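A quick write-up on the structure given underneath.
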Amino acid sequence: MSPVASTCLLCEMRTVVWGWQPAVPQPWHFVRFASSARLARRKPARMALSPNVARSSDRFKDSKKKKPPPTFKNNPFGGMNQTRARLPDRPIPRSDAELKRSSSDLNNKEKDAADKKQDGSLFRALKMQIALSPIPYSRRNRIKEKIAAVTSFDQFPLLPQVREAVYANAFPTLTEISPTPIQRVAIPALLRPPISETEKNKRKKKPQEEEEEELFHFDQFLLAAETGTGKTLAYLLPIINWIKQAEMVEKDTELMDNGEKQQGVTEKSKENLFELEAPELATPEHSNVARPRAIILVPTAELVEQVGKLAKQLSHTAKFRSATISSVYTPRRITNSLFNPAGIDILISTPHLLTSIAKTNPYILSRVAHLVIDEADSLLDKSFSPLTYSIMEKTAPSLTQLILCSATIPRSLDSVMEKKFPEMKRLVTPNLHAIPRRVQLGVVDVDKDPSRGNKKLACADIIWSLGKAGEVAAFLSQKGIHTAALSRDTPDQRKDEILAEFTHVKPLPTPQEVKDAQRNKRNWFSDPVPFATGENSHLGPQRNLRDTKVLVTTDLGSRGIDTVAVRNVILFDVPHTTIDFIHRLGRTGRMGRRGRGIVLVSKKDRKDVVKEVREAMFRGQALI
């Protein structure tokens, strides 16, 4: 708007008549006529058309005749609004950035897949309470390939009498005997030549400071394998083999000493023909009296009996002396076992009892060459470790081999080994920390019907259902009905025999069989009440399972006990850690047998943990 257009009508007339020009407009003039100024402003660009809007573009001259070339873009939205398949004559080149991005994505996917395989993609709840030391699957595969060629005990460098003891005493009822994975791994590693007494005496004595630093200067091994795979035999055979070799070395040394002694006596007798030799006042004491060559430490008296029984069986053929002592024995029996004049080679005991005996008789630990700590995860925890370490220190001067044995490697045991035994060799199996796939795990929600939160009722119902098929079959058999019980607990050989009667057509019956069947039929219908029994009706049915045996135990029975006959394990409470899961479910499915575990869960328990353990068992994965 011009300044003239913003003046009033009177001033404009004066300008026309007298030629008078008004002064420069003031700011208030524009404020006063702001509404008029708004109308005179320049229109925005979005409201103005281009002067070339009516002109046609060269790019769209032939738009009706020819369609624009399609654009192929490799982006998330490149496949939208397509009217035809993108089939170019040659592959579309990709940029360097896109190639880099795709290769990095592929590497990430491969890495994620490897991590998923190693750690377990479904271990979300278990990762919150990791209790076991992990073992890479690459190492598991290497061990599996290494032991694949070992199929017999004859491939081990064992003495003939030791090998014969395995076939005759360890597995007397089996026809085909082959070593388990832990035996294939451990026996070759533990076998070593014996060290003679002369070689021990030739060792140079070290200063006291160096002796303290090298207190545990001996071979150290850790045997770790799943439950029920023969770990006891894996460390017993090398020890027995070493004892027999040491006896042979000592026997040769003794013969040489006796020959030299006899030669000296002969020369002396020639010089003094008329002197009489004084008789010995007492017979020399046996060198093995209360001085065992090997000691096996176990946490409970039940394990003392179990390991001692296996050692006693092997001694019938291998010819060595073993003894067991525990708190359940009388003092007289303990004394007779330790101070037997025939000597002792292997001693099986608990740490408490052996420590108390060593305080009064420290000489008992002066000849130990092999020390085995069975169930090491228990004996090296806070409750047992002071006693176990004291026995280690007292046997260290003569010790040549320390063997730790366990079904699991908890993180606590892993830290102890890294701190105390950094040079320990770990002998593990490919399926360590994995519950065998032949063991099935069932879950019973006690909050649902029919138990409705009553765990005792749910447990009783499960036990009754386990033996119900056999009980019904026995009842029908008593009434003259040919019946056979078939369930999951039926042995495989018996299953084949039972199913053969129902899957194969029998030949026609003989005339004698027809007569017997007709006679039984007449006797059946002649009885007015065929199913009546001699029991009083007012007493009611006797609900008992004669062929079902139940053992109710605490966590004490989940460590090391070789419960071969157990087929079912009921976990009344959900285990707190995966370690307890492995040990408790390990009471069944031992030595290749089938088994079943049943967990009772309620609303207070971690159902997600039980679910992940069950899925890991189904896949054959190791727990964490």
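Residue numbering: from 1, along the chain as shown.
Every residue, even glycine, has its Cβ placed from backbone N, Cα and C.
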Exercise for review: Give the range, chosen from 70-73, 282-285, 374-377, 418-421, that Swiss-Prot lists as motif 'DEAD box'.
Suggested key: 374-377
Practice item. Please find, within the list 15-48, 151-184, 287-320, 559-592, the residue stretch that Swiss-Prot describes as motif 'Q motif'. Key: 151-184
Check your understanding: When you tally the Cβ atoms that lie within 10 Å of each candidate's Cβ, which of the binding-site residues (T227, T229, T232) has the highest tally?
Key -> T227
Study note, to complete from the structure: Taking all protein chains shown into account, the Cβ-based neighbour count within 10 Å for G230 (ATP binding site) is 21
Review point. Excluding A225, E226, T227, G228, T229, G230, K231, T232, which residues of the same chain place their Cβ within 8 Å of the centroid of the Cβ atoms of the recorded ATP site?
Key: T180, I182, A234, A407, R590
Review point. Where does G230 (ATP binding site) sit in the DSSP three-state scheme?
Key: coil
Review point. Where does A225 (ATP binding site) sit by DSSP, helix, strand or coil?
Key: coil
Practice item. Any same-chain residues 6+ apart from K231 (ATP binding site) with CB under 8 Å of its CB? Would you list them in sequence order, or say none? Key: I182, A186, L223, A225, D374, C405, A407
Check your understanding: A225 (ATP binding site) has how many other Cβ neighbours within 10 Å of its own Cβ?
Key -> 25
